[in-house]
Amino acid sequence: MPDRRLLYLGLAALLCVAAFMTIGLRGNIGFVLGLRAAKLAALLQVSVSIAVSTVIFQTVTGNRILTPSIMGLDALYLFGQMLLVFLLGGMGYAALDPQFKFGGEVLVLMALATGLLLPMLRRRVDMGLMLLAGVIFGVLFRSLHSLLARLIDPNDFAVVQGASFANFNDVRTDLLVFAAVLTLVGAAIAWRARHVLDIVALGPDAATGLGVTWARTVTGLLLLVSALVAVSTALVGPVAFFGLLVVAVAERLVDTRRHAVLLPAAALTAVFILVGGQTLFQHALGNSSTLGVVIEFAGGLVFLLLLVLGSRK
Amino acid sequence: MIRIENVSFRHGPTNILHDISLTIPKGGITALVGPNGAGKSSLLSLISRLQTLQEGSITIDGLPVDTTPNRQLAKVIAILRQDSIVASRLRVHELVGFGRFPHGRGRLTEEDRAIVGQSLQQFDLADLADRFIETLSGGQRQRALVAMAFCQGTDYLLLDEPLNNLDMYYARELMRSLRAIADEKGKTIVIVLHDINQAGAYADRIVAMKDGRLIADGAPAELLNTDILESVFGFRMPVEVVDGKPVALHFR
């Protein structure tokens, strides 16, 4: 029963959250709890936004190997950020209100992503082509990003450099409120669209036949994905394979691709891995390694596995 | 009634359909036949608004396909394309249930469930209802897709070569089911067929196309004769009458 599995998954995620908040509490408890709560909120948002955006992206593109980050959306976000610094200068950029800045970056990403990806998604393109285009887009944006990084002066560079690597230890807590609103609204829209997503998974022809206006629906979903990618990238930086790992695991666990089950399952799996992993690394392993590296390693393996299994079919 | 008026369609520099006008009245089975590349699938895609209309007009029960809201059309006409892609990790009854989407936007009522059960029964899928689509054979999958289109509950059903992948037994079963729903439920079925004899045995009317033009149109008894079939397919084949039905011996 998928419902019971969802319940277990929820309990496991809850357990991780409780462990994260309570293990090794020392000193000024109120202060520590406050600190941990802020970090937890960020990790939860990242989990939800990565899980939901990956599920939607895979549904729209019609395959299980692509994720927004493999298609270079997070690289696009960083490029947008670097572009802002380049245009405004480091001081001007640092002086901007972070919430306002974040809002602007989200809008820029949504516009760029829609402009670039929509032509490809209008008709579902062959997966090999999508993957290739994604890799090329990713490299392009990363290269443009580093080109700009060389052009700006070192002080400005220091301002953006911190944002360019995945880091689950040092999350941006100043954006929490704004990001929380975006995540909640995004998740709510995705949940409302769960039945439409089931239909979109059937492809443009079948979906049109069943009364879904393909172009409009896909545009809306793509905007949603970009907003969610912006949230996670802004909070912890780019993570390439986490979404892939989470959705692949969740799909195995609940054994269905129906979005009413898969969306919550993916979000809970993400919470379990991210919050549970972070707890493990902080307390059991004494921060001897970083969670980001391990997640990318495991996610990379899953990616290869899916490629090998997929090519055999 | 499906009314097609002066429809032309081009794909890049190639003209696929030339000035097609055709009226398909309500009820019965109309078979579209013709050699590969005759434009049958394109015509079906245009009627079902999967392709954008370029020239001419198409109305279904008075609703123009290019301006009527998609949701409204989905309650009037259902389409099954050839080689439909199917998402993975879906059970047969879930897929068939998607046919109810235009009516409840995804929420299945008791009535919807009853219709899903009936469709599964109609296409001999009740035993397979809980199987995953990707574990089915090509023929079973094809039947599941036809059941989904039927489950949509529309008056018009457009099927693009549904007999592909079906063995003789299931091809016959499917054609009989279609005949039954046309006769008992008054559905209007437009079907692209490759096997001229299936068309002769089950259709009420055969429309023959070649090079983007309609070249023959009539009841099977009129249409299945050596001269007309030669003009459509380009070679002479003897036509015999067996049990009162014309049979073209195209394999000799």
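Glycine is treated like the rest: Cβ placed from N, Cα and C.
Bear in mind that TrEMBL entries carry predicted annotations, made automatically and left uncurated.
Of the listed segments A:128-148, A:149-169, TrEMBL assigns transmembrane segment to A:128-148. Between the stretches A:22-41, A:102-121, TrEMBL puts its transmembrane segment entry on A:102-121. Only residues 6 or more beyond the boundaries of the transmembrane segment (A:128-148), in the same chain, are considered here, and those with a CB under 8 A from a CB of the stretch are 61, 63, 65-66, 70-72, 75-76, 78-79, 82-83, 85-86, 116, 120, 164. In terms of C-beta pairs under 8 Å, the stretch of A:42-63, A:75-96, A:102-121, A:293-310 lying closest in packing to the transmembrane segment (A:196-215) is A:42-63. Residues 63-65, 70, 166, 239-242, 244-245, 248-249, 273-274, 277, 281 of the same chain, all 6+ positions outside the transmembrane segment (A:293-310), place their C-beta atoms under 8 angstroms from a C-beta of that stretch.
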